[in-house]
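Participant: Below, the features straight out of TrEMBL:
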DOMAIN    550-673  domain 'STAS'
TRANSMEM  148-166  transmembrane segment
TRANSMEM  201-223  transmembrane segment
TRANSMEM  235-262  transmembrane segment
TRANSMEM  282-299  transmembrane segment
TRANSMEM  311-332  transmembrane segment
TRANSMEM  352-377  transmembrane segment
TRANSMEM  437-458  transmembrane segment
TRANSMEM  464-482  transmembrane segment
TRANSMEM  494-522  transmembrane segment
TRANSMEM  557-578  transmembrane segment
Amino acid sequence: MVVNNKVDSLSYDVEAPPNQGSSAGAAAAAAAAAAAAAAPPPAPAPAVSHHHHSVLELHKVSLPERRSTGKALRQRLAEVFFPDDPLHQFKNQSSARRLVLALQYFFPIFQWGSAYSPRLLRSDLVAGLTIASLAIPQGISYAKLANLPPIIGLYSSFVPPLIYSLLGSSRDLAVGPVSIASLVMGSMLREAVSPDDQPILYLQLAFTATFFAGVFQASLGFLRLGFIVDFLSKATLTGFMGGAAIIVSLQQLKGLLGIVHFTSHMGFVDVMRSVFKRHDEWEWQTIVMGTAFLAILLLTRQISARNPKLFWISAGAPLASVIISTILSFIWKSHSISVIGILPRGVNPPSANMLTFSGSYVALTIKTGIMTGILSLTEGIAVGRTFASINNYQVDGNKEMMAIGIMNMAGSCASCYVTTGSFSRSAVNYSAGCKTAVSNIVMASAVLITLLFLMPLFHYTPNVILSAIIITAVIGLIDVRGAAKLWKVDKLDFLACMSAFLGVLLVSVQMGLAIAVGISLFKILLQVTRPNMVVKGLIPGTQSYRSVVQYKEAVRVPGFLIVGVESAIYFANSMYLVERVMRYLRDEEERALKSSQSSIRCVVLDMSAVAAIDTSGLDALSELKKVLDKRHIELVLANPVGSVAERMFNSAVGETFGSDRLFFSVAEAVAAGACKPQP
C-alpha cells in the first residue's frame, strides 16, 4: 500500500437493521459516509456505483521503531515488574540526595517524619488510644480463634505495629491479628496437632507458619510479584469471607452456650450436630450473659454505622464489655461461667528457638503459611488502598508486601502469629482522625502498658465475652448486597462467589479457599481461551464500525464480513479464532443468500483491540488466510497495534499478507476492497 493513495468513494445497498423499515436509503447513505468522508447521495443504481465527487485517502500501517532483542526484553520486563518506575526519582540526583531518597523509599517514616508536628501527634494520640481499646479485646479473642493462648494475641498487637510504622506506606492501616487468618491457621494446624494435647508443638507450628507467611509475603514484594495476589477476585473473596464469617460465628456457639466438649471440625453440619448433641452442657448463666452483651455490641455497631461521628461507641464497646463482664464475673464467681484465667505479665518472650524447619510437619507449616499469607496480604493491601483512595494518596503494593512480610518474619521470632491490616480497626483509626502511622506506635504503647501492668485484671474475664466480640467483628464480612450486585452484573462472578461460600460452609475453610482460587483461575482461562469476538456494522452518519448486537442501528456492508477481535491472540485461543471466523462466515453467507445479496468476498479482521499476538496466533492467521483463499475470499487486517504489527513483519506472516492487506482502519479496508473487481 502506498501513502496518500486515492480511492474513489463508493456507495452500497446495505441491509437495513431490524425495525428500520424504509430507512434503507438512510442506511445506504451512512455506509457511503463510512467508505468516503462525505459522499453525496447515491443515485438509485446498481449495488456498487462509482462517484468521483470525493475520495478516501488511504494511510500506510506504520511499524514501531526497530528495537534490539535485549532492549525489547528489558522494556517488557520493566513493564511487568516495575510498572510504577520506582527508580525515576533517583535520576539526576546527587549521591547524598540518592541516599536520602533510598532511606525514604525503604523507610517511609523518614519521609513523613521530618514534617511531623505536635498537631499531628495530638490526632494520632487520640486515634491510637481508640484503636487500642479495640485491639486489646480483639487480640485476645482472635488468638482464641487460632487455638492459641490469649496472651499471644496481645503479643501480636505489640511488636508488628511497631515494625509496620517504620516500613509501611499507609497512614491509616491499623495492624494486628485478623479473624480470617486466625481461623485458617487454627483450622489447618488443628487437623494435624491438638492444641490441648500438644500445646508446645502447636505453638512451634504456629510460629513457624507465621515465619513462612512472612517469607512468602516479603518475597512477593521484593520480586515485584504482587499481581499474584490479584488472582483472588472480588467475587470469590466476597463468597469466601461470607462463608468464613458464618463458620467463625457458629464456632463461637461453644462459648455462647458454655459447651465444654465441642467438635474440632469447621463444617456447618458438624458444628450444628455438635451444638445439639451437647445440649446437656448448655449453661443458662453463660447464655444470658453472652446474649445480653452480644445484643449490646450489635446495637453499638448499628449506632456507629448510622452516624459515623459516633464511631467511638462501637470502638469502645468491646473493651467496655470486657471490663463490665469481668467485674460481674468477679462478683458472681460462678463456676458455670468459664474465664480466661491467669495471663503472664511482661513483654514478648523470644521464640526464634521454637521455629522448626525439619520433621514431618514442615510441609504443613509451609502450606499454612502460604494460605494465611495470601489472605492477610489480600486484606491488608485492600484496606490500605481503600483508605488511601479516600485520603488521596498512593500506597505502593510491593512495599506493603515487604513491610507486612518483614513484620511477620520478625513477629514469628517474638511470640507473634500472622498479623496484617485489619479493616475494622483501620476504619476506627480513620474515623478517629489518624494522620500518620504514629497511631500504630501509640496503640503498641498502650498494649505494652497492658502487658506490663494490667494482665491480672483479665483473670476473671469470661470466655463468652470473647465469643461475642468475635461474632460482632466478623458479622460485617457477610456482604449480602455485594452478592446481590454480582448476580445483577455478572452471573459467572455470582457463581464463583456462591461456590466459594458453599465450599467454606459445607466442606472446610481450606477447601473454600481452594475453590475460590480455582474458580478465579478458571475464569481467567475461560476469558483467554474464548476471547470475545463480534460482527461489526456501520453506524449511519459516521465512519465507525461497531458491534451489530450492541448497536441496533449498525448496518452490514454487502460482500464484507467485519469481525472485531477483542483480546490478545495466543496459543490458547488461536484455533478458536479460526473456528469462530468460519462460523461467522457461514452465518453471513446464509443471511446473504436469504436476502438475495452478494456473497461474502472479503473478511476484515479489526485488530485494534488485539494487544498482543504470539507465534501460534500468527500461524492461525496464516491458516485462516489459506482456508479463505481456497474459497476465493480475501482476508485483510485493519489497525494492528504496534507490537502486533512488529511481530507480523518479523515473521513470514508479514510477507504472506503484504502491505496491501494491512489497513489503517476498517473504513479504508472496506473502501479498498470494494474497488477491486468482483470475481
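The count begins at 1 with the first shown residue.
Keep in mind that glycine also has a Cβ here, set from the backbone N, Cα and C atoms.
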Participant: Within the domain 'STAS' (550-673), count helix residues (DSSP H, G, I), strand residues (E, B) and coil residues, in that order.
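Facilitator: In the domain 'STAS' (550-673), the DSSP-based counts are 62 helix, 21 strand, 41 coil.
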Participant: Relative to the transmembrane segment (235-262), which of 282-299, 311-332, 352-377, 437-458, 464-482 accounts for the most Cβ pairs at distances under 8 Å?
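Facilitator: Ranking 282-299, 311-332, 352-377, 437-458, 464-482 by Cβ pairs under 8 Å to the transmembrane segment (235-262) puts 464-482 first.
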Participant: Could you name the stretch, out of 148-166, 282-299, 437-458, with the greatest number of CB pairs under 8 A to the transmembrane segment (464-482)?
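Facilitator: Looking at each of 148-166, 282-299, 437-458 in turn, the most contacts to the transmembrane segment (464-482) are made by 282-299.
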Participant: Taking the transmembrane segment (352-377) as the first stretch and the transmembrane segment (557-578) as the second, find out whether 3 or more Cβ pairs fall under 8 Å, excluding pairs closer than 6 in sequence.
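Facilitator: Checked: the transmembrane segment (352-377) vs the transmembrane segment (557-578), no contact.
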Participant: Sort out the residues at least 6 away from either end of the transmembrane segment (437-458), same chain, that have Cβ-Cβ distances under 8 Å to it, and list them.
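Facilitator: For the transmembrane segment (437-458), the sequence-distant neighbours (Cβ-Cβ under 8 Å, at least 6 residues beyond its ends) are 108-109, 112, 116, 120-121, 124-125, 127-129, 131-132, 135-136, 139-140, 150-151, 154-155, 157-159, 161-162, 164-165, 168, 170-171, 173-176, 322, 326, 340, 342-347, 429.
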Participant: Over the domain 'STAS' (550-673), work out the mean pLDDT and round it to an integer.
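Facilitator: Within the domain 'STAS' (550-673), the model's average pLDDT equals 89.
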